[in-house]
Amino acid sequence: MDSPGADDEKLTGESAACCLCCRNTEEEETWSFTFKDDEVGEFVGCRISDSLLSWALFRSLYAVFMFVVLVLCAIQYSLFMGGQWLYFLTMWTFIIQTFYAIFSAYATWAYGYFAQYDPEPLRDPPGIFYALWITENLLLSFTFFVFIGFWAIVFPAGVVLDFTIVATHGVNWVLMLTDRYFSTMPAVRMKHVYVPITYGMIYYLWSIIHAYSGLDNGPIEGKALYPITDYNNHPLLLLSGPIAILIFIPLVHYANQQLVRLSEHCLPRPGQTTAEHHVEMA
């Protein structure tokens, strides 16, 4: 017959094993885009309003703005440089963000506003949730990367500002931050930094192909897309892409993670009172 002390030791061992199992599960989830039960129901929620209608309207206006600016860019830049406007990182990122805004608005209406009248709660995340979560990780880093890169490197070279330039190199970043700060989407996980890094490396490889393949640059023929991608005249710049991506992007991703944690600390979840939130955060 086991002694009480042995039972306690056995219980302690089981508890430790259980905790280790939980930690391992959590560690596995940090690498993957895996939803917890409460994260599915709160995916399209807003931290500053329990009204899904107002949040859906905000995201709809966000989507309309992005789409209108994209159409203006397509018209304006096509007249100026033909299809070469699609070579730039700015437009790659802006196009992805436009789709993100459109589908996040759709998800908020379909799985938020209209779903609240459905007696059956959403249990399994639809595919669009995964797509939005992955895309969000990419955009949080690269809207800022485009913003800081343009104003620090490209603008000093003598770019004439207009509405589309400001909208694609600043306003879109502010909108992305606003959407994420007030959203109840799952927290930004540091191990998901591989998403923006992969995107950055894909564009870096494209910049090398562009530089050495002799592609038509339209009105800027003979010039690199960006001063930092002028590999023909400055071969050492080939090192700049990996350095910027592998050092700068993780720092930005970490800053975004802290921003989201700040929103979680300062703002209650949908349906939660301020007092309940303070107790939870204590």
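Backbone N, Cα and C atoms are what each Cβ position is placed from, and that goes for glycine too.
Positions annotated as transmembrane segment by TrEMBL: 61-79 (among others). Within the chain, the transmembrane segment (61-79) has long-range Cβ neighbours (under 8 A, six or more residues past its boundaries) at 85, 91, 94-95, 97-98, 101-102, 104-105, 163-164, 167-168, 172, 175, 179.
Per TrEMBL, transmembrane segment is recorded for 85-107 (among others).
Residues or ranges marked as transmembrane segment by TrEMBL: 128-153 (among others).
Taken from TrEMBL, the feature transmembrane segment covers 159-182 (among others).
Feature annotation from TrEMBL assigns transmembrane segment to 194-215 (among others).
Residues 137, 140-141, 144-145, 188, 190, 192-193, 196-197, 200-201, 204, 207-208, 228-229 of the same chain lie 6+ residues outside the transmembrane segment (235-255) yet bring a C-beta within less than 8 angstroms of a C-beta in it. The transmembrane segment annotation in TrEMBL covers 235-255 (among others).
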